[in-house]
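**Student:** This is the feature table in Swiss-Prot:
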type: CARBOHYD; residues: Asn77; note: N-linked glycosylation site
type: CARBOHYD; residues: Asn112; note: N-linked glycosylation site
type: CARBOHYD; residues: Asn617; note: N-linked glycosylation site
type: CARBOHYD; residues: Asn666; note: N-linked glycosylation site
type: CARBOHYD; residues: Asn760; note: N-linked glycosylation site
type: CARBOHYD; residues: Asn783; note: N-linked glycosylation site
type: REGION; residues: 240-303; note: region 'Interaction with gL'
type: SIGNAL; residues: 1-20; note: signal peptide
type: TOPO_DOM; residues: 21-802; note: topological domain 'Virion surface'
type: TRANSMEM; residues: 803-823; note: transmembrane segment
Amino acid sequence: MRRPLCAALLAAAVLALAAGAPAAARGGAGGRSREHRDARYEIEEWEMVVGAGPAVHTFTIRCLGPRGIERVAHIANLSRLLDGYIAVHVDVARTSGLRDTMFFLPRAAVDNASAADIPDTPAVQSHPGLFGAAFSWSYLQTRHLVDYDLVPSRPLQDWYFSQARAESNAARPPPAPRVTPTPAGRVAAFDINDVLASGPEHFFVPVRADRKRRERHVADFAAVWPVSYIPAGRAVLSCERAAARLAVGLGFLSVSVTSRDLLPLEFMVAPADANVRMITAFNGGGAFPPPGPAAGPQRRAYVIGYGNSRLDSHMYLTMREVASYANEPADFRAHLTAAHREAFLMLREAAAARRGPSAGPAPNAAYHAYRVAARLGLALSALTEGALADGYVLAEELVDLDYHLKLLSRVLLGAGLGCAANGRVRARTIAQLAVPRELRPDAFIPEPAGAALESVVARGRKLRAVYAFSGPDAPLAARLLAHGVVSDLYDAFLRGELTWGPPMRHALFFAVAASAFPADAQALELARDVTRKCTAMCTAGHATAAALDLEEVYAHVGGGAGGDAGFELLDAFSPCMASFRLDLLEEAHVLDVLSAVPARAALDAWLEAQPAAAAPNLSAAALGMLGRGGLFGPAHAAALAPELFAAPCGGWGAGAAVAIVPVAPNASYVITRAHPRRGLTYTLQGIDVANPLLVTFVRGTSCVSASGAVEARRLAVPGPLDACAYCGSVFVRYLPSGAVMDIVLIADKRTEVEFSRGANSSMPVFNPRLHSGRSRAMLLFPNGTVVSVLAFAGHEAPTFSPAYVWASVGGALVAGTTIYAIAKMLCSSVPLARGYSSVPVF
């Protein structure tokens, strides 16, 4: 291997020293050391044998190194020796008649050496390594270094596959031009406080590539010789069962996906003229590039995986499609949009599979996982290329890339690779923003008086930057800002003024993300209140509408209906995805969604062209995406309601949970279909026996189990100036069928006043006249008391169809006429007694 480093120069000095010594007699078996000592350097010379067995070509390499190393410097021990030594292999031309030589140099001897300035080094360069010589291919055939099942071996067309048909560039919107920053925004370094205070569009960072710094990429599958490149970015997404690694450099990209459950895949992009070499026994010898399509005008893509057109057609098609991404325009936002599209389809497959949190990935979701990982790598590469070409990167671009990378990485790990909630995401982009532990007060804009909803969008953009550059332990200032965003959305929801457009959905997601995984008691209380309000906004009606929204997105994104330009996962985000409602997959909700499909003309027309089972399957998958398996998993629930999982008796133990309602510190209500093991349980009366409802109050780590009765008494009506008697209580509306319709928090005095007004309330959720006459309601107090709300407890009014009424009236008239005729006939057939008058006397 020819290395442009000082180690090669030192090795040349050692070679000159060895060349000046008397030549030793050649011969003898490999491993028999031949000493040639030097008083100054204590150098040993020996021969290393490569290959073994009569059927394998055996050859020797002349080695020079410190005294004593010859006893362990065998070919099988090279990887262990590299920790303490630098191995330099000098590969000379076969025609020169000179032998190859390997030098072992102690790393301590070159600690202070600087890299040699060798001009005209390619940005991407392959290093064939010790076994690059032609005679070593027979050794590789022993499968000592590579498992050839990772790549197709024959026939040739499975190795050099053609590109998949990519979307026409004419169908894509042209990339938006990069904003030219003003000189005033040029800073050498800034942190997130500056971005929050003045906006990310006002800052940019000058960037350049350090061409003296190089790294060597070693493929996970040991199928490609190490590639030297100039690094510019890196990301690692990993958990205990899978990992995705992204390495970005000047003109270079590598994306590898490894998993205990899925087939491996590595996607590489290099300049079209780069000489990337494969380690393989294909055709018995020679240097071949990795599998992939023909080179494009500027770059070439390689895909290393398992599968061909006969063994695994789905994997083969995935490899072809991933390879086609390399020739698309270098627009990082376009790649991110495509990644969101694939991530949505991946979430849909995972929701349809209904697997547990540690059951592994859904089979059909894996093919989308490869595509998402490739798109993330290309987005990081595209931004890097554009920034280096222009000499700067905008803070807005860094925020965009980092928040998309973090969001899509979590989805990729959970839904695509089957990871539990403890997955890790580590990234290093071309420029980083420092993240201080505390945010300055001036980082937040004041809320305009009387314009809370308008400021929600602006505050949501600030929380987006917090999400991009903060870890799971967001600063307290960010949590307070997030709590205010959710509170304003909740107030608008209670007034019936909230419209769920994309800006509101994005703001809600970033607020929930900033509140998740609290680190102390104050943060926990803020997070529980955020979740209570998300649960309240997830009414049965909203869940139905949100499921229909997801079905329409699937019809556009996955069904070929078009219209998915600029799509993001957060465009379909719903408060149900961050709520404690766990009943959205029940049959009643699925039927509600199916019955509401005709109201969406485009969706109804698309489903008409699908098989009969498509509608119920799509509805069930959409409701599954709304549940806890989407963007926030079971770990989120465990962090916000620890009292349900921390008891020594083994948790609360209820089956078929409907909802969790935190009401006080270390206390929660759990609505279930079955009797739990602990807590104070209320069984609601008048509910369908096949779909019962039980309300259990669970406090702390208590394992006591008891039963209580729902109180049916008239609630006091507090005056507008009285203390808030019902603040912190939760209003629950349900039906005799067992369906829970609303779970609403009474958070302040104004909400309490509207609740007390009953049928005169201006808040639709509290007005019984605006709901079915069959509705029932109860109030859950923070102290564990459950009271029936009498305003919703009136007798059920019978309803009759007009035809039934007219038929009943006609029947009554006929019956009355018949009875009258019979009575008259009976009266005429019975003789009547006649009276006699006195006889006159004549």
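Using the three backbone atoms N, Cα and C, a Cβ is placed for every residue, glycine included.
Help me picture where these features are in the structure shown.
**Tutor:** The number of other CB atoms found within 10 A of the CB of Asn77 (N-linked glycosylation site), across every protein chain shown, is 11.
Asn112 (N-linked glycosylation site) is surrounded by 7 other CB atoms, counting those within 10 A of its CB over all protein chains shown. Annotation note: Asn112 (N-linked glycosylation site) sits in a coil segment as assigned by DSSP.
Summarising the environment of Asn617 (N-linked glycosylation site), the number of other Cβ atoms within 10 Å of its Cβ, over all protein chains shown, is 13. When secondary structure is read from DSSP and collapsed to three states, Asn617 (N-linked glycosylation site) falls in the helix class.
With a 10 A radius on its CB, Asn666 (N-linked glycosylation site) counts 16 other CB atoms from all the protein chains.
Under the DSSP three-state reduction, Asn760 (N-linked glycosylation site) is assigned to helix.
For Asn783 (N-linked glycosylation site), the number of other Cβ atoms no farther than 10 Å from its own Cβ, over all displayed protein chains, is 12.
For the region 'Interaction with gL' (240-303), the model's average pLDDT works out to 83.
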**Student:** Using a 10 Å radius around its CB, how many other CB atoms surround Asn760 (N-linked glycosylation site)?
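**Tutor:** 10, counting other Cβ atoms within 10 Å of Asn760 (N-linked glycosylation site).
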**Student:** By CA-CA distance, flag whichever of Asn617, Asn760, Asn783 among the glycosylation sites is nearest to Asn666 (N-linked glycosylation site).
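**Tutor:** Checked the glycosylation sites Asn617, Asn760, Asn783; minimum Cα distance to Asn666 (N-linked glycosylation site) goes to Asn783.
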**Student:** Quick check for the class: what is the C-alpha distance, in angstrom and rounded, between Asn112 (N-linked glycosylation site) and Asn760 (N-linked glycosylation site)?
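**Tutor:** Here the two Cα atoms are 83 Å apart.
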